[in-house]
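**Q** Sharing a structure below in structure tokens format, with a few things to ask.
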Amino acid sequence: MAVLVLLVPVSLGLGLLGLAAFLWTLRTRQYDDPEGDAARILSDRWDDRPAPPDPVRDTPPAPDEEKRR
Amino acid sequence: MTPIPTAEGAGSPACPACSPVAPLARRTAARRPADAAPGEDIFLSVPDAHCAACIATLEEGLSRLPAVRTARVNLSLRRVRIRHDGSLTPEALIPVIARLGYRAHPLDAETLSQTGTDPVGRDLLMRLGVAFFAMMNVMLLSVAVWSGASDATRDLFHLISGAIAIPTVAFSGQPFFRSALAGLRRGRIGMDVPISLALVLASGISLYESLNGGRHAYFDAAVMLTFFLLGGRYLDHRTRAAARSAAQELAALEVPRALRLTPAGQETVPVRDLVPGDRIRILPGARIPADGIVEDGESEIDRSLRTGESLPARATPGSVLGAGETNLTGPLTLRVTAAGRDSSLSRIAALVALAEEARGRHASLADRAARAYSPLVHLLAFGAFLVWLQKSGGDLRLAANIAAATLIITCPCALGLAVPAVVTAASGHLFRRGLLVKSATALERLAEVDTVVLDKTGTLTLGTPEPLDLSCHAAEDLQVALALAQGSAHPLAQALARAISRLGHRPAPVTGLTERPGHGIEGRWQGLPVRLGRADWVGAGPAAGTATCLRIGDRPPVTFAFADALRPGAAGLVTALQARGLSLHLVSGDAAPAVADLAARLGIGDWIAGASPEDKAAFVRALGQRGRRVLMLGDGLNDTAALAAAHVSISPASGLDAARAASDVVLTGQDLSPVEDALRIAGQAVRRMRQNFALSALYNILAVPFALAGLATPLLAAVAMSVSSLTVTLNALRLR
């Protein structure tokens, strides 16, 4: 039963990892448009290069946005 | 960059379902520009966007404008957010989107940003996530206990479970504790009191048991309860938030500004700042913001939204105009006689408020279930406590354990999910069919409908006139008429121009086009004066029904007759409703011949013409008093009171803002046939809700005897709880 000393923290740690991942998805607003995200994956628009950062999604808007344009 | 081929539309720039510009686009486009502060994001609602190709078309099409920095479509909300350099207005973007093949409506960014991020929903989701994590881990530990861990191992596992469960319950259970406290303060015992009691009692007793080496700890049940109930709460919140944001979108659609004339010139003021005596300018195409008398200018007025008349009326100095009408051809100066609270618009709004208050008393299925359930559960648990206390000779620990077990087992996991799961599934189905359910109890009310009251102009018809049989006219007449009609913004002229171009005619070379507001348009063709407009102005005899006349020189005038086009799906809907055995009534503010004609065409036996807004509302209320459950379908200001007075109401998105705000369900497309789907799905949904209540009652009936007899184990509680919640959710998903 000594193995419990190892296994219980490991299982809790894995659970916490999942919780942290969930909180991250929440923080980065990945639940704002589930339907749109499901559809976007089908588009080949950004297959060759990454999409520019989206100021609407990545709040707050960067102040140097003017220059990048 | 080609849009990816989808099942719906390969290669086409927009999906075929995305119908071209509708009258609504015309009406909204006609509004005065809303002020957009430099760089402020523009929100537009695009109800037709529905697939990957739509996203690409809209985003790329908008990004091509030099002023647009980014455009992002939110497909879940059918909304596009545009970041720009400050030079764009929503009104300027609507034609751009129309060229891409979509309808768009401007939304007020200020009203939206309050709900845009939805902090409450995210908060609930976070608590749900925490509860899920805790449930999984506690469940793992519990499996060991259930499979026979004993002594020190069991106590250790209980204590670890407790260390996870108690903070989780304290954190994730807050929504229940708060609402239970709020309810108790107002002296009401809702569903949240037994929930909170069960959570607190289960955690407390389990902690005591674990510390004293007891055999049963209910930490797993407490956490699972929190998770399932939060799940139900979250679904419920999502439907409510969708309903609320729909209502706010509608409020955001109204652009409440007027052009006030002052000695110094013109100024744009909010409509609520107008006072009687103010002089306001109304541009062609604008909605009239207040009641008043025309001082200057001549024009024609579209009253269809306010009264249901399909024929435009003449406005000359001295004419009395009402708020909500639309100015068609010439600019007008209006002296305000009643504004704000006294205007005819607000009187109707008052009628609406009154009717809505009456409807707010509708008790939903969930309310009724909770009212029966809460006292019963408390009595059971308290009874068990007393009986066991007496039987065991004062064993407080045993009695409290059994009372807690009873509370946990009867706890309304399934009850909390029964309605939200069904409503979410049904609203999702309806949304995909183009129906926006605004009210939480709309489905239940929709399922009870036995009578349907229909409005004519704008509801069964599109509210846009179509010329009748152009082929009997000479080609020369048509070409001259086309040239003249293209020069006017009048709806009849535009409809005529569209129909003639469709026949393949080219406009004749007409020069010197001048529009005579309120009369028509004139010009010269081959040295002859040509006129297109009102019969009396052109010199023709009065025409029956909607018509416009053409006169070339001294030749006899030619009359083009118009009829209001039927909305697609209207005939099918009437047949389908009659087949369902519903009684239909057509109530319109329009003149009797037009109403009779339409009723005969659709096969509706019972019709009323010339009804005022009060008449309509009274008609609906009278039906209600006779015990009828009325579904009202209407779009105009004149329908608003009736929409609110009806048991449940549906209005098309092309209707007036007030009408959409007063109705429970909004039809986002042009087609009327989804209304039948709504009735069918609502019927199914209510059946599912009842089944769900029956299912959870059955589980309770099976499990409660065990709990009362003191035979309940944490395993039994966990099994009963998860099985009942799962069956209820799966049953909701069976909805088709």
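Just so it is clear, glycine is given a Cβ too, placed from its N, Cα and C backbone atoms.
Per TrEMBL, the features are:
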DOMAIN    B:40-105  domain 'HMA'
TRANSMEM  B:124-144  transmembrane segment
TRANSMEM  B:156-177  transmembrane segment
TRANSMEM  B:189-211  transmembrane segment
TRANSMEM  B:217-235  transmembrane segment
TRANSMEM  B:372-390  transmembrane segment
TRANSMEM  B:402-423  transmembrane segment
TRANSMEM  B:693-709  transmembrane segment
**Q** Do any residues, 6 or more residues outside the transmembrane segment (B:189-211), come within under 8 Å Cβ-to-Cβ of it, and if so which ones?
**A** 155, 158-159, 161-162, 165-166, 169, 173, 176-177, 179-180, 183, 217-219, 221-222, 225-226, 229, 370, 373-375, 377-378, 397, 400-401, 403-404, 407-408, 410-412, 415-416
**Q** Counting only residues 6 or more past its boundaries, what in the same chain has a CB within less than 8 Å of a CB in the transmembrane segment (B:217-235)?
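**A** Cβ under 8 Å, 6 or more out: 121, 124-125, 127-128, 131-132, 134-135, 138-139, 141-142, 145, 158, 161-162, 164-166, 168-169, 172-173, 175-176, 195, 198-199, 202-203, 205-206, 209-210, 404-405, 408, 411-413, 416-417, 420-421, 423-424, 714, 717-718, 721-722, 725.
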**Q** Grab the same-chain neighbours of the transmembrane segment (B:693-709) for me: Cβ-Cβ under 8 Å, and only residues 6 or more beyond its ends, written as numbers and ranges.
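**A** Those are 365, 369, 380, 384, 402, 405-406, 408-410, 412-415, 418, 716-717, 720, 723-724, 727-728, 731, in sequence order.
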**Q** Mind checking how the domain 'HMA' (B:40-105) divides into helix, strand and coil residues in DSSP?
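**A** Once the DSSP states are binned, the domain 'HMA' (B:40-105) shows 23 helix, 18 strand, 25 coil.
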**Q** Per-residue pLDDT averaged over the domain 'HMA' (B:40-105) comes to what?
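**A** On average, pLDDT over the domain 'HMA' (B:40-105) sits at 83.
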